[in-house]
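Undergrad: Have a look at this one before I ask anything.
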Amino acid sequence: MFLSELVALSALFSFVLGSHPKISLRAKSKSEKVARRDVNGAGNVTLANYFNGTDLQWYGAIGVGTPPQNLTVVFDSASTDLLIPSVACSPSNGCPSEGIEGPLHKFNQNSSSTFHTQNKGFYAPFGTGIGVAPSDFESQTGIIATDTVCVSGLCAKNQTMGLVMNETAGFANDPFDGILGLAFPALGVTGNGSFFNSLVQAKAVAEALYGFYLTPNVVGGAELTLGGIDESKIESNITYAKVAPPFWNVTFDDLTVNGVSVNLTYKQALFDTGTSNVVGGDISQLQEIYGIISPKIKLIDKNGAFGMPCSEIQEIVEANVKFTISGKTFMIPTPELFVGEYPSLPGVCQAFWNADVTNSYGGAFIVGASLLKYYYSVWDFGNSRFGLADTDISPPRVSDADQ
C-alpha cells in the first residue's frame, strides 16, 4: 500500500478542525453541481483495479512528453508529486520491465521535445508498497524535471515531476508504472505542487475539486473525475468535513464496532486513496477493536498485523466498523474484515486494520480502500473539505443513527 509521503507528517496532529457543513445535492448551486459529462474543464479517468487477496490499488493512464508517452499511475490523494520511472532505471536499480500483470513502461526523456531537467535530485520516502502487510518504508530517488503531462484531455505544461532512477524492492511487483499525487502542494518533494494544482492554477478545470468512485474488483467501473464530480454515481447528499491542509484529515465524531463505541481520546482520520486498508492506533487499541469482533483475532506480526486461522473466519457473523463524520455514519462492512492469507503464515488470514507500532501517525488513523471503495469521495481543494456520499454499492442504512 502507499501511504502519504512522509514530509512533515507530525504537523498533522496539531491542527484543530472547524465545523462540518452538510450540503444537499438538490440544494447545491450551479457552481457546486459539476457533472463531468456536462461541463467543460472536467476529465474522467477509467481506473483499473489491482486485486491480490483484496483490492490493493486503482490506477489509470496518463501521457507525458511531446509526443505523449503512455504510462499508468496510481492516483494517490496522500502524496503530491508525479513520479515515473526513467528508461535509465534498470531492473538492477529496482525498476523492473515486467510487472505482476505484464510489461511496464518507462519514460524516455530523449524522445520528448518539451522535456527539461532541473539538474536537481529528489528523495521520496513512502510507507509500505502496494500490499497490506506492514513492512519497512520504501523510497525512490532520481532527478527533478519538467514536461507536459496530460490526463483525460487535461494538460499541464512544464509540470514538475520526479524521474525515478532508483527505487527499493517494495515497488517491484507493481502492475502500474508510477504515482501521480493529488495532495496539497506543501507535501511535494520535487517542486511546485501536484498536477491537479497546476490545472487549478491554469484554470483548466471547472472546479478545484476531484471525485473518486472506487469500487471492489467484483463490481468494477472505478473512475476518477478531475475538476468535477460524477453525480450519476451518487445516491445521497454529500457529507462534508473540514480538513486542515496539507493533509486530507478530518475529526470524526465516533468509531463503533458492532455498535460498541471505541474509547478514543484522539479522533483524527486521514483519508488516502493509496492505502489499501486501515492503519493506525497502538496494539492495545487494536486489541480492543478486534476483541469486540472475535477473541480469536490476535497479533500475528510484531510490526502490527493481526489475524486468525482462515478456517475459522466463518464463525464471525458480524464485523461492522463505523466512523461517524459530521453526524453521519460510514461503514466498513463485514466482507472487508480479512484481506487474504498472511504471506509468512500459511493458513492464517490477515485482518484489515494494522497497528501503528512506531507511532508514525501520532494516534491518527489512515483510512484507505477498506472504506473508500464503498462510497463516493469528494476532495475539495477550493474549500478545504472532504466529502463522502452513498453509491449503489454502499452498505444499507438500517437505523436512524446511520442516516
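Easy rule for this one: first residue shown is 1, then count along the chain.
Positions of Cβ are set from backbone N, Cα and C atoms, glycine also.
TrEMBL labels come from automatic prediction, so no person has curated them.
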Undergrad: Need the cross-check against TrEMBL: the disulphide partner of Cys310, picked from Cys155, Cys349.
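TA: Between Cys310 and the options Cys155, Cys349, TrEMBL records the bond with Cys349.
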Undergrad: By a simple count of other Cβ atoms within 10 Å, which of Cys310, Cys349, the disulfide-bonded residues in the record, is least packed?
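TA: Counting other Cβ atoms within 10 Å of each of the disulfide-bonded residues Cys310, Cys349 gives the minimum at Cys310.
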Undergrad: Whole-number Å distance between the CA of Asp76 (active site) and the CA of Cys310 (disulfide bond)?
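TA: Checking the Cα atoms of Asp76 (active site) and Cys310 (disulfide bond) gives a distance of 31 Å.
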